[in-house]
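Student: Next up is a structure, given as structure tokens.
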Amino acid sequence: MPYLYRAPGPQAHPVPKDARITHSSGQSFEQMRQECLQRGTLFEDADFPASNSSLFYSERPQIPFVWKRPGEIVKNPEFILGGATRTDICQGELGDCWLLAAIASLTLNQKALARVIPQDQSFGPGYAGIFHFQFWQHSEWLDVVIDDRLPTFRDRLVFLHSADHNEFWSALLEKAYAKLNGSYEALKGGSAIEAMEDFTGGVAETFQTKEAPENFYEILEKALKRGSLLGCFIDTRSAAESEARTPFGLIKGHAYSVTGIDQVSFRGQRIELIRIRNPWGQVEWNGSWSDSSPEWRSVGPAEQKRLCHTALDDGEFWMAFKDFKAHFDKVEICNLTPDALEEDAIHKWEVTVHQGSWVRGSTAGGCRNFLDTFWTNPQIKLSLTEKDEGQEECSFLVALMQKDRRKLKRFGANVLTIGYAIYECPDKDEHLNKDFFRYHASRARSKTFINLREVSDRFKLPPGEYILIPSTFEPHQEADFCLRIFSEKKAITRDMDGNVDIDLPEPPKPTPPDQETEEEQRFRALFEQVAGEDMEVTAEELEYVLNAVLQKKKDIKFKKLSLISCKNIISLMDTSGNGKLEFDEFKVFWDKLKQWINLFLRFDADKSGTMSTYELRTALKAAGFQLSSHLLQLIVLRYADEELQLDFDDFLNCLVRLENASRVFQALSTKNKEFIHLNINEFIHLTMNI
């Protein structure tokens, strides 16, 4: 089936209750469950089968996994036992500590947890071997349905499991997230903030502990109170350091959850503490304020109880905040709203969302370092009209997320290095060209270009109009992206790449024979020689005429014009509908062709006989066609070669078809200039003649 275009642009920020059905059957969780109950069967998910394809894509299991339902592993399975808590999360044989750290943080926010794990499921009445979970993806909530067959070895769960062997919510949640991303293997390696955002639809913020503000403790305290999800880790300098244990019992390159922050009285002083959890369920900090450290002997039983202090090897531990800053390198916070943690006020934020793509050859221009292509990136107009309350500037947050890179890992895709720049917008209401960026500096930009799924930063700018340009660092790199803009006051955003405007002059009337130029007289003689008495040429004859003339032109390198091009030319110029070209029609086309040749030569900078697809937007606009990025992408796919170049024959074909389509549309849109109405016969007739 052909690709169906869906318009990009601003979208509403969805709420979880609108979670979209994702199962290939098109049925909801409840519909499939009722169907299984009526049939007396347990659900088997054909979309994510109990087979190796759901486990790995680049390797085979080293041990013979057996897929079993919880009721085949234990006698009395429970979905959630005594509430979903962080102690229900123990890492298995999969390198997805980042996901487990995010799940542990999720359990601290019951409202967010209930959104991800719907409460309408259990192993009790109504059990049919089917469960579902809801995740946020690129500004929409998805309902992911799975069966409850889990990979086991010797009757033990291989991957994520609960400390209580008859509790299965965490293992099933991991399976649903693996399905969302294509396989269990796709979950290897990552950042906790990624899953935190998928659990909440929140906004990411990262702090370097060594460069954190003076009120860093208060920032983390406020984040936990607001229900934000927090993770932390220690940087590694090489692959060899990954999961290396420090002398203090901490693991480098390993994702931890921040589960609490508090103060304790110790020898007349208030000591700031922070509680951390290792998703392994063991291996803990062994320094000051660790589970068995002597400091706790100076703390009364009531205070110890309040802080839930126990000397258990459960992976959770307290440490002094100053030690935390000294040993950990980064803290990732997923805020459920964009309110700055440095401020006390809570605001109502306006959100707009843009879905877009970087496509090689048309919109994958790279960063400003690559001036020749940077201007071809998607451009979004941002209108800031209202100042913040009591301020002279407008606050907003920009979050740029590249889509589905984890899902595409099986095809060799990596997380790209991304960022964005913001420019003051000139009065022109159009896609800005190369010269604008040659002479204008950005007004603001992301702090860095980095290979993370999302890059987000806060800004304050005076009211006005700006152009926001999201890009990869290197040009020619392809990805889809989701751009979210949060503003305290309503900001108007518009995609500058979606406009289509055709400006074609009326075709000139042919000159009478006695007023023909010397060039036209030579054409008439050649035409008579080829066409005969009727003075009409077929596509084959037109091919001969054009190539005979163009080969004498020394200023353009080109291969012969193809027969297809000549058929398209006749389709454009043939007013009688007999499939041939009369001499007067040819004269009109020749004038047009000379203009197009000059246009091609203008953009064939190196005189190689080809032009870059990145120049296509400007070249087509000069010919009268202002096209959307989506149309440009289709043209590049159809006409460009592997080196993203077009020769003259391809360029001519493109222009002929564009003009033909435009003139047909103009002829049919008599009442409404933006729409035409066709029945199936008219539509097919139209497409066969363009």
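The count begins at 1 with the first shown residue.
Backbone N, Cα and C atoms are what each Cβ position is placed from, and that goes for glycine too.
Among the features that Swiss-Prot reports, region 'Disordered' is placed at 1-24, 498-519. Per Swiss-Prot, domain 'Calpain catalytic' is recorded for 42-337, and the stated evidence type is sequence analysis. As annotated by Swiss-Prot, Ca(2+) 1 binding site applies to Leu81, Gly83, Asp88, Glu167. Swiss-Prot lists Cys97, His254, Asn278 with the feature active site, giving experimental evidence as the kind of evidence. Annotation comment: Swiss-Prot describes Glu284, Asp291, Leu312, Asp314, Glu316 as Ca(2+) 2 binding site. What Swiss-Prot lists as domain 'EF-hand 1' is 518-552, and the listing cites sequence analysis. The region 'Domain IV' annotation in Swiss-Prot covers 522-690. The annotation domain 'EF-hand 2' is assigned in Swiss-Prot to 561-589 on the grounds of sequence analysis. According to Swiss-Prot, the domain 'EF-hand 3' annotation covers 591-626, on the basis of sequence analysis. Swiss-Prot lists Asp604, Asp606, Ser608, Thr610, Glu615 with the feature Ca(2+) 4 binding site.
What does the local environment look like for each feature on the list?
Tutor: When averaged over the domain 'Calpain catalytic' (42-337), pLDDT in the model lands at 90.
Long-range Cβ contacts of Glu167 (Ca(2+) 1 binding site) within its own chain (separation 6+, distance under 8 Å): Glu78, Phe79, Ile80, Leu81, Asp88.
For Cys97 (active site), the Cβ neighbour count at a 10 Å cut-off comes to 24, with all displayed protein chains included.
Its Cβ placed at the centre, His254 (active site) has 23 other Cβ atoms within 10 Å.
A coil conformation is recorded for Asn278 (active site) in the three-state DSSP classification, outside any helix or strand.
According to DSSP, Glu284 (Ca(2+) 2 binding site) sits in a coil region rather than a helix or strand. Here the Cβ of Glu284 (Ca(2+) 2 binding site) has 23 other Cβ atoms within 10 Å, regardless of which shown protein chain they belong to.
Across the region 'Disordered' (498-519), DSSP helix (H, G, I), strand (E, B) and coil residues number 5 helix, 2 strand, 15 coil.
Counting residues of the domain 'EF-hand 3' (591-626) by DSSP class, helix then strand then coil, yields 23 helix, 5 strand, 8 coil.
Applying an 8 A CB threshold to same-chain residues 6 or more apart, the list for Asp606 (Ca(2+) 4 binding site) is empty.
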Student: Applying the rule Cβ within 8 Å of the centroid of the Cβ atoms of Asp604, Asp606, Ser608, Thr610, Glu615, what extra residues of the same chain belong around the Ca(2+) 4 site?
Tutor: Phe603, Ala605, Lys607, Gly609, Met611, Ser612, Gln645
Student: Taking a Cβ cut-off under 8 Å, which residues six or more beyond the ends of the domain 'EF-hand 1' (518-552) line up next to it in the same chain?
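Tutor: Distant Cβ neighbours of the domain 'EF-hand 1' (518-552) are 511, 558, 560-563, 565-567, 569-570, 578-583, 586-587, 590, 593.
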Student: State the Cα to Cα distance, in Å, between Thr610 (Ca(2+) 4 binding site) and Cys97 (active site), rounded to an integer.
Tutor: 51
Student: If you measure from the Cα of Ser608 (Ca(2+) 4 binding site), which of the recorded positions Gly83, His254, Glu284, Asp291, Asp314 is the nearest?
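Tutor: Given the candidates Gly83, His254, Glu284, Asp291, Asp314, the nearest one is His254.
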Student: Hey, does DSSP put Glu167 (Ca(2+) 1 binding site) in a helix, a strand, or just coil?
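Tutor: Where Glu167 (Ca(2+) 1 binding site) sits, the three-state DSSP reduction gives strand.
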Student: Note down the number of other Cβ atoms within 10 Å of the Cβ of Asp88 (Ca(2+) 1 binding site), including every protein chain shown.
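Tutor: Step by step: centre on the Cβ of Asp88 (Ca(2+) 1 binding site), count other Cβ atoms within 10 Å, giving 25.
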Student: Under DSSP, is His254 (active site) part of a helix or a strand, or is it coil?
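Tutor: For His254 (active site) - judged by DSSP and reduced to three states - the answer is coil.
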Student: Minimum Cβ neighbour count within 10 Å among the recorded positions Asn278, Ser608, Thr610: which residue?
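Tutor: Counting other Cβ atoms within 10 Å of each of the recorded positions Asn278, Ser608, Thr610, the minimum falls on Ser608.
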